[in-house]
Amino acid sequence: MLSIINLTSKTIKEVNKGVDLVIGFFDGIHKGHAKLFKQSDRFNLLTFDHIPKKQRLLYPKVDEIEQLSALSGLEQLLVYDLLNNNLSAQEFIDNYIKLIQPKRIIVGSDFKFGSDQVDYSLFAKNGYEVVVVKKDHCSTSEIKKLIINCDLDQANKLLLTPFYLKGTVIKNAQRGRTIGFVTANIILDNQLIELTEGSYVCKVIVDNKTYQGICFIGKPKTFDEKQRQCEAHIFDFDQDIYGKKIKVELYQFIRPTVKFNSINELKEAIENDKKAALSFFHKQEKPKVVVALSGGVDSAVCAYLLQQQGYDVVAAFMQNWDKDLNFELLSDHADDQIQGCDAKQDYEDTQKLCEQLKIKLYHFNFVEQYWNDVFLKVLEDYKKGLTPNPDVLCNQFGKFGWFINALRKQFGDDIKIAFGHYAKLITKDDEVFLVHTKDHNKDQTYFLTMLKKEQLKNIIFPLSELDKPTVREIAKQANLYVANKKDSTGICFIGERNFKQFLSNYLAIKKGPIILIDENKKIGEHDGLYFYTIGQSRRLHVGGTKEKIFVCDKDYNNNTLYVCYESSKDQYLSSVSCELEKFNWLIDTKDQLFNKKLWIRFRHRQKLQECEIVSYHDDKVIVKYTKQIGVTPGQYGVIYDQNLWVVGGGKITKIIK
């Protein structure tokens, strides 16, 4: 516990010996003082009372002591009273410093002491190690000038806490109540700096609760009173606080004092003061944003950038998979080790990142919803012979479904929500549009194509103008906890798995023949049709063929996998048109897009291909394109206009060769 010692020849024996000693005049703790305190993690502090110079103070000595008492690392606070005891600098060293025996003496570069006002070099001449800290033009005298000249914004930037007045609320004539503006009045100490008389934007702290308000400082000329005081009108406040101590923080000067000719003039002026204060607070309030953190570097950089932009950032993490609850028995992590996306590790990384950035973290569990709305749909597509895309479903039903609904319920419908997707949103005529980003390799609009416009309301994509190398560099420069973490791969929210083992938990897997369609002969055995994708050429485990082979068809009725030679890909794998089912339009002018040159992508990172919409009916769209290899049913076709705004997308159901 901090001990406070009024330093005299008798009490000096109570001072701890051999610790650092910070010496200074601490009337209002500012950033220059903070530099002094950072020089040691264990120190005593020596300050002075009753400075001989006739100068007004920022705060009473009791407030100075209260502020200093909160310092980390401070062991003893020594107060030396200069009244009738102002020794020369050398006498002070001989009578006090030599008895204190400090390890080091820490002072500011402008420090002078003693009746002869000698600088800090005298300590060194007496054999003490002196640490001199430059305060960069941050001084109490400069802060006083700023406050007197009504530049409270700059003064508060230099102070560690906003400039304030304190006092006990007094009884008065209660004339404010008669005109609808109740005030809490405190008497101002005449020893403190004399503020410019007038109206100020303020905050009032009552019983450790903070309220917005306005205050008048001066001798109220309106009613011919002479006592200098602070009259604070607290917004939306009707408690009886007479006799209570309050703190009034000053933020902005509104207008000088004037004499009003009538009550109505006074009321109008106060109303205008209140409007000015409310406008000030509205501009000062940090907009709140929830960042969806995944444990990866992209979302971490989102949180960091939004903090740097002045947002009030909170974080949310959602768990969508539980290995035990979901009966995942057979699947080991890929390569027999945890890599990339692992729910437990990701949550731990997210917690450590939030501790580093000092932001609050909320945890949401959507294991049941993920199973029903995403995973069962994935299994259903596999059973139909399709190649599903879990990432599209994750965004459609998960991140921008149950997740944002839960966040809006928690924080309000207008809460801004940020994601680490490489995507861009443009608002035009109060409508939001999804747009391709500058990083063509990383762009993730493909995975967002099934989102409705209402799902994109108040969504922020902070990485929209950045590429991946830049994001990595930002993370490293900011020393973010996950800066060197690998990108996640594998199944959305499930992570790296031995895919064959994993899928075997939920689907009946049966081996069968691999038929080379060019020669109509069996060349091997597949491990189960679900494990293969149209156009796949790797991991077929078939050797001895004269050419590279590709998966070209899957016959679920006969459990047969068909492959073809590379030279016959055009015959078996090419297409010039396809049908997109449950097409989600993100641009309303679809009639104007009919038979117009557009762009399409059938898989993430694929180079954009020319196309045109040849017909649409209900939720089905037929699209024609330049010849493509490996367009796969179950995946999605995403269409862009000439400006790379997303027109919409749908699931590929039919291929037209």
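Cβ from N, Cα, C; glycine included.
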> In Swiss-Prot, the residues A292, L293, S294, G295, G296, V297, D298, S299, M318 are said to bind ATP. Which of G114, G127, G167, G420 is said to bind at that same site?
Replying inline: G420
> Name the residues of the same chain, 6+ apart in sequence, whose Cβ is under 8 Å from the Cβ of Q635 (site 'Interaction with tRNA')?
Replying inline: T387, N389, F602, R603, K651, I652
> Mean pLDDT over the region 'Riboflavin kinase' (158-282): what is the value?
Replying inline: 88
> Which residues, sitting 6 or more apart from H421 (site 'Interaction with tRNA') on the same chain, put a CB under 8 Å from its CB?
Replying inline: D298, Q444, F447, L448, F461, L463
